[in-house]
Each structure stands twice: as C-alpha cells, then as structure tokens.
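Here is what TrEMBL says about this protein:
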TRANSMEM  7-25  transmembrane segment
DOMAIN    85-170  domain 'Copper amine oxidase N2-terminal'
DOMAIN    180-279  domain 'Copper amine oxidase N3-terminal'
DOMAIN    304-720  domain 'Copper amine oxidase catalytic'
ACT_SITE  383  active site, proton acceptor
ACT_SITE  471  active site, schiff-base intermediate with substrate
MOD_RES   471  2',4',5'-topaquinone
Ligand SMILES: *[C@@H]1O[C@H](CO)[C@@H](O)[C@H](O)[C@H]1NC(C)=O
Ligand SMILES: *[C@@H]1O[C@H](CO)[C@@H](O)[C@H](O)[C@H]1NC(C)=O
Ligand SMILES: [Cu+2]
C-alpha cells in the first residue's frame, strides 16, 4: 500500500494540471526593484561602480527626488483590495460575496439541492459601455455585478448577481450545445481517473511502464457527431516520466482513455499502438540544471537595460496604466488572459485624450492537429473556451519573462467551489528599448548640409504567458508613442509528439503517412495550425465608426498616355454590412483595412482612422464542413467586422466545450447586419502553420508573429516629432562593483 501511496503522490505532483492549481498561486512575490535595485543605487548615490562617461553632466542630487518606481503587486493586499474603476476585476471580497449569494439561491442553496454543482466562472459583469464611457474618476462607482456560470446536473446556468443588493438579477439555463470552460478541478481530476480502471493499469504495466512514472494530460474531445451528446467527455493520454521532466517527449502512443468528466467513469479505452516503443528520455530534459552547457560557442556577457530614473509608466489604482501619451485599463481574465480597455492616446497638438479602442482581448484560439488517426483526430484545441487562456497563465519569471523594472499584476480567480485564489505575477508591464529607431534622417554630403536626426524607439509592453499543457503562448500588447499598437503572439514550449517505430528516415517507406516530421528516434512532431483570434472593439474618436477597404488595383494607361503601361490606384469602399467585411487576404488583390470615424475629419478633410496591418496570415485550408473547422469557423476569414453586441465577445461561442459550431463569429456575421457608421468590432486572426522541425526538439525556440493597429490620418502630422534624442549625460553607465 505504501508504494501505491508513493505512486499517487508522485503522480499528483508531476501531472501538469495539478501544478496549475494552487501551488503557484501563493509563491512569494519577487519584486525586482527591491533586490536588484541597481538603477536606484546607481543614480541616487552615484556609487563608485557607477559612472557616466560624461563626467561634467549629471548632478546626482537631481535624482534624489526621483520617486521610487510604483510598487509591484507585492504591495497590494488582495484581501482588502477594493475596486476603483467600473472595469476593475472582482476582488477577493466580491468573489466571496458572489459565492455566498449564489449558495443561498435555489437551486444552488444547500437546502434545495445538495447535489454538487461546479462554478465555472465568476467574473465582473461589465457595466454598459455607455455608462463606462461617461464615468469619470471621482464619480461614484457603477453598480458592481458578477457574471456567473454554474454547471448543475449537466445544465449550464448563467446568472448575473448584483453585489450591492445581493440579488440574482438574471438567471437563464443555457439550451445551446456545448459546456463552459473546464475548471482546474475538472482537468486535474480527469488525469487521475484512469487509475481507477484495472484495464488501464494492466495495459500500462504490460507496456513495461511503471505506474509511478505516469503523467497524463486531459485532452478536450472536440465534437464529431451525435454520440458525444448529453454528457461532458474528455480524453486522457499518458506519458512516461521516467528519466526526464519532459514527459511530453515520451508518449505512450495509441492509448486513449475516454472519460465522463462529471462521473469520472471510464467510458472506453482505446488501446492501440502497443508495438510502438516509448521514445528515449536521453536529451529531452530542458532544465538549466540538466542540460549540457554550451561549450562550442562563445559565451554572451550579461545584458540589461538601465532606467536611471525608473520607468516612465504609472499604474494608478491598481489597473489604470499611464505611460507617455497612452492611458488604458488593464486586467487579467480567466478566459481571455489579458483585457485592455478604454485605450486612449493623447493628441500632441491639443493635449486631449482620444479614444482608440474600447476593449481588446484574445477571444479564442484554435489549434487543429493534422492526423486523422484514432489517437489524434480529436486534437483540435480551443484553448480559451475549453481550458481558459488566463487560467493557464503561469507566474512570470522576473528578469527572464520580463526585464528589470517591470510591474507585475496578479489575477484573482475562483476555484470550482467559488473560493477565490491569487495567481501571482500573471501579467507584467514594462518599457522596452530594443535599440530600434523611432524615426531618423541624415543628409548626404552632396547636399552640403550636416544633419543627422535620430530618435530612439521606446515602447510599453503588456505581457502574459499561458502554458496550455505542453504549449506556451506569449501574448504582448505593445504600445508605441506614435500611436501604433502591436499585438504579438509568440509560440514556445513543447511540441505534442507522436510515438513511431522509426528511428531514421531511411526506414520510412515512401507511401507511409507520418503526419509530421521525424524529430528524434521514435518521435514525430505532428503538423498542426495555431489560430489566435482577437476581439478589437475599436472606438476611433468615438463609438460610431466605419470599416473601409482601400483596395489597391492596377490601372492601365491608354496608348500614348505615358511611357508607363500601368500604375496602382487606391479605391475606397465603405463596408455597408457584415458580409462586406469578411476578409480573406489575397497577395495579388491587396487592400488596406481602415476603421474610420466618418464624422471626424482632420484639418485638411481626411476621416480619422486606424488601420489593421496584417502579418501572421496563415489561413485554415481544412474542409469548411470538417467538424473542427465548423467549431473553429471564426478562422474562415482573417478579418471580420460585426456591430457591437455585448453577447458576441467569444469567437467560438460562449459554450465552446463540445460545441457544434452554432454560436460562432461566422454564424453571427452571416446575419449581415449594417456596420456603416455604427459601433463596430474588428476581429483579427493571427495564424501559424506549424510543420515541426528538429530544432523544435526537445523544446521550441520562440516563433512569433504580430499585427498592428496603426493610426491613419488620425494625427495631423507625425505625432513624435518632438520626442528628444538620447544624450550621453542622461544615461549613466553602471559597472559591476568588482571592476570599478
Ligand atoms: C491502478 O494503479 C494505481 C497506482 O498504483 C492504484 O492506486 C490504483 O488502485 C490501481 N487501480 C486499480 C483498479 O487497481
Ligand atoms: C451613433 O449612431 C447612432 C445611429 O446609428 C446614433 O443613434 C447615435 O447617437 C450615434 N452616437 C454618437 C456618439 O454619435
Ligand atoms: Cu505549433
């Protein structure tokens, strides 16, 4: 019995989803500016190891009055935290209160039904947009309401609870197909469940694997037809942990356990691929302590960016970010990860704060694998609606995930029984200086003028990193002083791989389908796609906007008109309805895509606007009637525009788990509603095709793509004409104490 206990313990510690729960949430928060406050010592005291090359210039005293950088979340006491802004996430106290109102409300009150229900969501029910737009600091806070999703006896209940009155003010039972985002407890308990089945144990042992070395993953089943209806199902697949922390590289191929997620009963076991060996553990570990240190390449010296006066951003009242000309509200969300709201940029001419985007977030992800066989066909993840993109965001690692002087924000989320917990350091905010140029011009000697004007580019980054089982997604919202917002997704982490009998490509018959690339002996990296769909509620100088396609077309000259035969012309087309704004990118039929405010013109009469500048344009080429593609139909176009509707924020639908694709962005857009001069929402999908390669083994170097929201006739002229260049005197050079 003792060994069984040890087995279970080891199992529990190492299964990934268990890690997700509470272990990380109370880690002591490390605040870089306390321990590594080099810049403060450096500038405040001008210690001997800190010098400026230009000795005449700075007076250290000047810096004595520099305020300390705003504290990180370390100083926030979550237990006493109160909301300050209408969009602030629910506090610990508010989540407690929501839970207590819910548990005294039938059918959830213990008196009427003691049968178990699970709380899948407690988040702020955002007040009406109109009210938020009119709210000013100093006004009384808008009524605080919680949006709650509870699963009871297989039915999803959606409630709105008013926290001031303590009343449930809305309660509907969902009749649509699909289930809410899994709870951490769903995922964690599913990985254990197969062990209650003797057949499962037997096949593990028969395959020569010690039950103590098992690590299992909960894999969403997708939806492939009638037989999956009326209960929540999940598939579990396992790996061997023996000899490595990177169990993902040691799949127990072909073994799939189908579970009822609510009863935790094994519904079926598919036990195929017994002849496929488990790939070796050697060279799969990626931990610094375990890998051979580089010996054959030159070492890099330490590198860090100094901010002698501290960062230029401020976080007011916990969530309001103010930086140079930008202001926006920032909050963590269990489903979206990061939500940016009320993004406004200050006009350099008038000093006025101008609206750009009311709300921006990751709405859904879609990750279909390209292997139709029994153990793989269902791997078509929708990481936000199935797993909770924010729930999977792990604490960021200071100095590695985010540089020195970063501010860290925590997430506060409920467990399945409604008790709040803190996910510390979930988001970071920092200024980025990567040596890039904001603008420049130099005159060549032929003009006889000596001009060299260059401005450095410094940006503000909001970052989150979600580890959805094996994969890591890094999401950056990068704000530039020229008004541009860059939204970037980086892919790293570990591939989901497949076991194979082959150890060399020379063994693979010509006609054999590998479904991917042989990455190492017995390991295939299966081809897959990643789609990340963003919800962008643009409000360019106000809510009523239009979507304009600026189509570039070839004009041919008439005979004799010009030595040129052809040139390009820009044709503007204002989209009237949603179908006009279903955009598939075409390299040889290019368009700029503008969101403009038709009633706000510049001095010289152009409508003010922002354009979406695409990149990461991989498009899904699956059959539109393939069940995963029907559920992921929001990727059928790269850009969509819909009229604002507060019930249309999740591109795959509110209930994505086992959904049939009946409530997606693609379905809404088919209504073909008017979108001209209306409050509109822009949707953009960043796409990646991923044909794995050997460099992706045993862990992937980050691959990233980004798209931009860029001002177009929004400012009267270059908005960063007046930013100063860098001067030597402002940039003291710090040296390590030993070398001073
Ligand atoms: C399967 O093995 C685990 C781990 O050794 C053990 O705890 C569990 O009881 C076993 N299940 C059955 C049904 O024997
Ligand atoms: C936006 O347009 C609607 C009509 O579509 C109008 O009722 C509303 O007043 C407009 N809002 C603003 C802020 O101009
Ligand atoms: Cu990938």
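Even glycines carry a Cβ here, placed using N, Cα and C.
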Quick check on the domain 'Copper amine oxidase N2-terminal' (85-170): DSSP residue counts for helix, strand, coil, in that order please.
17 helix, 28 strand, 41 coil
Summary of DSSP states over the domain 'Copper amine oxidase N3-terminal' (180-279), given as helix, strand and coil counts
31 helix, 28 strand, 41 coil
My understanding is the cutoff is Cβ-Cβ under 8 Å with a sequence separation of 6 or more in the same chain; which residues meet that for residue 383 (active site, proton acceptor)?
364, 365, 367, 389, 392, 466, 468, 473
CB within-chain contacts under 8 A for the residue listed as 'active site, schiff-base intermediate with substrate', separation at least 6
367, 491, 492, 493, 494, 496
For the residue listed as 'active site, schiff-base intermediate with substrate': DSSP state (helix, strand, coil):
strand
